[in-house]
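As recorded in TrEMBL, the features of this protein are as follows:
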type     : residues : note
DOMAIN   : 45-101   : domain 'Potassium channel'
DOMAIN   : 137-212  : domain 'Potassium channel'
TRANSMEM : 47-65    : transmembrane segment
TRANSMEM : 77-97    : transmembrane segment
TRANSMEM : 128-147  : transmembrane segment
TRANSMEM : 159-177  : transmembrane segment
TRANSMEM : 189-213  : transmembrane segment
Amino acid sequence: MHTYVYALANKAVKSNFVKKYNVTAEDYRMMEIVIIENKPHKAGPQWKFAGAFYFATVVLAMIGYGHSTPVTIGGKAFCMAYAMVGIPLGLVMFQSIGERLNKFASIIIRRAKRYMHCTQTEATEMNLMLATGMLSSIIITTGAAVFSRYEGWSYFDSFYYCFVTLTTIGFGDYVALQNDQALINKPGYVALSLVFILFGLAVVAASINLLVLRFMTM
């Protein structure tokens, strides 16, 4: 209801402005775009390199927060083409990283079992599930502590953001790097956020992949 009322009010303001200043609807739209570009988000200009790189990463990871979106026809067309090419390549990349993480975990588990003189030294599927599950938990809990520190969120809200991000749900109710000109003034934090998303997605994907395989073989 509130959204409908807001839309009607916005339409009335637009109609009055067009009539009063005798401008076309296309000119009004261009003025909106210019104003939005010159009044950037609290994070800083969304379409400078840092903001655009963050947007491209979110598209590639299929998170889709919705915090920034292309406006022009060319931008929308390029975004669709980029997603069609980038998402499959991103899935291959995450799958490849996940497989290598599982192999690395297998080596560590075998060495640990040999050290403890276990009779069965091979890494079982359950061992790998526990290892990747623990690593996923460490990434989410550590990420939650970092985002709580930088964003000023409660720890639970930060944990919720990390979970929603790494499971690619991406509601968009919590989005990092959107305060205090972070995209411009905190390059280290931007890099940390990108590494968290990319590495965290690979680990969580590996964990979920093992879980799905386990259910399929039960």
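Quick reminder: no glycine exception, Cβ is built from N, Cα and C everywhere.
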Do any residues of this chain, six or more beyond the ends of the transmembrane segment (159-177), have a C-beta under 8 angstroms from a C-beta of it, and if so which?
43, 54, 58, 61-67, 136, 139-141, 143-144, 147, 150-151, 153, 183, 186, 189-190, 193, 196-197, 200-201, 204
Would you mind splitting the domain 'Potassium channel' (45-101) into helix, strand and coil residue counts from DSSP?
41 helix, 0 strand, 16 coil
Need one number: mean pLDDT over the domain 'Potassium channel' (45-101).
88
